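The annotation coiled coil is assigned in TrEMBL to 14-48. Taken from TrEMBL, the feature compositional bias 'Basic and acidic residues' applies to 1150-1163. The feature domain 'Ammonium transporter AmtB-like' is assigned by TrEMBL to 84-513, 698-1125. The feature region 'Disordered' is assigned by TrEMBL to 1141-1163. Residues or ranges marked as signal peptide in TrEMBL: 1-16. Taken from TrEMBL, the feature transmembrane segment applies to 121-140, 216-237, 257-275, 287-309, 329-350, 382-401, 413-433, 467-490, 697-717, 829-850, 900-922, 942-964 (among others).
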Amino acid sequence: MKVLYLLGITVAASSSLEDEVAMLRAEVKAQQQMAQEQQALIKELLEEVQPRQLQTYATSAELATQVAALQATDYSLGGALDSAWMCLCGALVMFMHAGFGMLETGSCRAKNASNVLMKNLVNVCVGTLGWWLFGWAFAYGSAGVSSGGNGFIGWHGFAGFDFYTQDTTTGIITPATCTSDGCQSTMLSWFFQWAFCTAAATIVSGAVAERVKSPTYAIFAFLMASFIYPVVVAWTWGGGWLATILDVGYMDFAGSGVVHLTGGVAGLAGTIVLGPRKGRFTNPEEFETHNLPLVVLGTFALWFGWYGFNPGSTLAMHDYATGAMAAQVAMNTTLSAATGGITVFILAYVITKKYDVGGLCNGILAGLVSITAGCGNMECGSAVATGFVGGLVYQGSSLLLQKMKIDDPVDAAPVHGFCGIWGVLACGLFDWGKGFDHYHGWSGFGCMMNTAGTACQTGYGGSAIGAQFILCIMVILWSGCLSAIIFLLLKLTGTLRISEEVEAVGMDEHHHSPPKAYSLPGVNAASPQKGVMQVVPGAPPADGPKDAWASGGQNQVLAVASEVELLRELQKFLKVRSLEMRVAAISLLFLTVRAPMGWLPSGTELKRADEDTGFPGHPKIWAIGTELGDLTHEVVELQKELAAQKVILEDQEHRFEQLEASSSRRLQTAYLTTATFNTKVSTIESSLKGLFGALDSAWLCLCGALVMFMHAGFAMLETGCCRAKNASNVLMKNLVNVCAGTLGWWSFGWAFAYGSASTNGFIGWHGFFGFDMYTYDSRTGNITPVDCQYDNAGGCQSQMLSWFFQWAFCTAAATIVSGAVAERVKSPTYAVFAFFMTSFIYPVVVAWTWGGGWISTLFDVGVMDFAGSGIVHLTGGVAGLMGTIILKPRKGRFENPEEFEAHNLPFVVLGTFALWFGWYGFNPGSTLGMHDSATGALAAQVAMNTTISAATGGITVFVLRYFVTKKYDVGGLCNGILAGLVSITAGCANMECGSAFAAGLIGAFVYQGSSMLLVKLKIDDPVDASPVHGFCGAWGVLAAAFFDWGKGVDYFNGSGWSCKTPEGSTACIEGIGGTMIGSNMILILMVCLWSGVLSGSAFCILKCTGLLRISEEVEDTGMDSHHHSPPKAYAFPNVVAPEVNAPPKPAPVEPERDVEGYAHNEV
């Protein structure tokens, strides 16, 4: 019974243990199966991510160090970009002194020209010393209330002290940093602000011209630059008491009040104290402009420099916000200048029934001064309104001064003083905040926030306008009173005004060596007699800063970009790695070495122990017992194994928690969270994108300004090529072209060209009058600039940037026509055509091509016209050719060709150099970006090709002309240079330098042949606009296809370093070279048809209405004397204008001519 009992118990226990063992075995088997699956998954994941692994073991501290280094490099690059931007903009502002000098010299009489030029140069030199010794310290030497200053005037930084800190042991110098974000040194701010200071002093120079003693003016210029102007700056830009007036502070972005009103009021005080020039209001005709081309040249130089004055006042260029703001400022500056010029021009014509080129110039300057304060806080429509009212303010104040017999030779006070007041007020009135509830001011695109920084502050509009009034009043009182006191003291001492004898004869004769500014045949500068210069046929006629990014800067940008790419890969790896670690965490439970298990006797061992003790057993029992013992042993083992694994799991979880909290653990084990890592990477990426956008904005703003300056070149070249009796009209036509063209581009042109033309392939339909340039929050009035569409990399920051750059191209296309129809087209008619050209003809060509229209995808390869040989030059050249054919030649052009020779060859050469200079904005700027090594290298390639082709074209035509005529032809050399420039414009980005040489060489032959052809056909093109821009433009488009640096006709590169590839592939498309040549031929054909037919139709309609050509009487005597006031471009003493009915002169000797009838030295 005992045995049976034991047997029963054993069987029952064995059965129970067998069930438990079976369960445990199944559980262990399942876990082992899971472990195997997880190991396979881990292996697969490792194979996937191993090639992308950045660093097997990187600590969080190491990552933080690396990120900090990248951020430091990023900050350094931002500072370098700020420095480059402000240095270049400061240089542009400095160049405004050339504009002031030319404008003032041309506006005054020839007998004082040397003195005026000297006074402008002395002003800059003396003003510089005043700014260095005292001015900077008074303006920015801690005058700001927030920095503990007194709010009135600064007190340290005299003579450049505090600009460095010096280690007394080693002598090592460390530049003092600016307080603004990203500014690298106080010296940078000193340089930029110096240009503004001397500009304020130069304004006074024009107001007191022709009667103030030179040493006296030098003293005043020193006081102006060292004390009067700096104190105004201390109150405002220096952070003084006006910066926080009425809790909102003043707003003067670039200086309508701080600079221009200060200078204008001082000039007004000076001219009142000095009194008028002798005879100014009794014999006003004696005080007419003596050299109108210099006035126009000065105006263009000032307009050009204003793109440093206003956009440069962002004071930085290192992120999205400053780039977009600079573009906004450039666009507003352009619109206001054009509107002001057109407004004054029309007003003057309504009043006098004469065209007033001088008034047109001052109208442009009035628009520029008016927008200077508010260019950063108003939209483009308000900029047009500001320029319009500014033109009215200028015209009214100029008439007021004449009524009061206040003699201001250059209208400095109306332009800078009165328009400065209007500009400050317009800044408050037209602020783009919502109504008067919200105010933007210095906040840029966003509204001014409440003190908590949580919402827009309401009710600031009225306070802001009040602050603007206070700024105007204080500047008038301060500058007016101090300037008047200084001038009165100088007057009382007898050192202010020159004597009557000197005034009658001229300061040049009395005080200068040589005693005259001009040495021209038949011109006696010392004679007070009045006359005009008439050049007799046969008688003699009357480098930029280094690119701070060219070497080290680009490499640093590349370094940052490379590091960010690595961090991006690490970010991707970490996202995958987190999954791997979750798998590894579970797998470690099965792969970790197990702890030693406790000993449990097996069934055999129990049997041996029983035999040793003599315990009676039953074979069945022992068999079951043995099995039971083995089962029990296995159960215990399995239980211990599971327990051990549980302990390991808990230990691993504990370790994970500790490592997650530790910043010194390994990155690959996920102890730095993905969110933290992503935040760091995102910060760097955002900063880099801002840098890239800033680079693009700076590049396109500066290149657009260079292209704009080409208008000065067009004007000088065309004026010099034409006859003196029409010089004023030619100058006016060029100015009107820019102004009317600007309004045409703003109102319709941009929309037709880039308003989603890719949808229908023909023409755009939105963006008229500057709409769609921003998105507007109707609740707060906050503005967000709309991104550009052409840059796939996202570097372009706003459509305003593209608008500004493309505007310069548009007006250039219209100006080409001006030269072709010169000396016989009616001025109002040409103004209408210029508007039509810029608002419709040219924009549609752009829509087909650069705008993404049907030609851009022709034959699946599109066209290649990088910078516009066809789109710009051929369009303008064909339109000009149609105009000159329909107008017919000038009277006597082919009967008496010697009468039509260039009247001022120096202007022709000056214009050529100005055009060549501007072409480095035209061609390299067409990269449309400058944020990586590819665009940088491409811009360099373009600049090199542009240079080689221009030089080759010039020397080729020069040699050809000498070979034919045995004479040196300077005009031909100039046009040869331009022919080379036009010829390379389309293909400058896709051919190597040898091909650029060939393009310029062939372009010279194309120009020479087409020029001779037009003479043979008796087609009168005064400046050879059609041969240069039309024929060479067509050749340039073909050359871009023929000389593409792809291999033969198998491959085609287009604009870039690599061949064209199909979408989604890296393999070159073969056999498309011929297709591309065909596409470019179609471009030429379509441009000729479109521009030729529309221009021809427009000119024919105008001709039929009698509005196209001037009368024979006007053509004989000259448009200047019939339609302009003053009636001549030059007023040199002792040269009498020829009478209309004078007896005929002896027949001139026929000049030596070539077989095609081309005269020597004919342009």
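Easy rule for this one: first residue shown is 1, then count along the chain.
Note that Cβ sites are derived from N, Cα and C of the backbone, with glycine treated the same way.
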Stretch among 216-237, 257-275, 287-309, 413-433, 467-490 sharing the most Cβ pairs under 8 Å with the transmembrane segment (329-350): 287-309
Proximity of the transmembrane segment (467-490) to the transmembrane segment (287-309), 3+ C-beta pairs under 8 angstroms: no
Positions whose Cβ lies under 8 angstroms from the transmembrane segment (257-275), at least six residues beyond its ends: 196, 199-204, 206-208, 211-212, 220, 224, 228-229, 232-233, 236-237, 250, 369, 372-373, 406-408, 412-413, 415-421, 423-424, 468, 471-472, 475-476, 478-480, 482-484, 487-488, 491, 496-497
Mean predicted confidence [pLDDT] for the coiled coil (14-48): 62
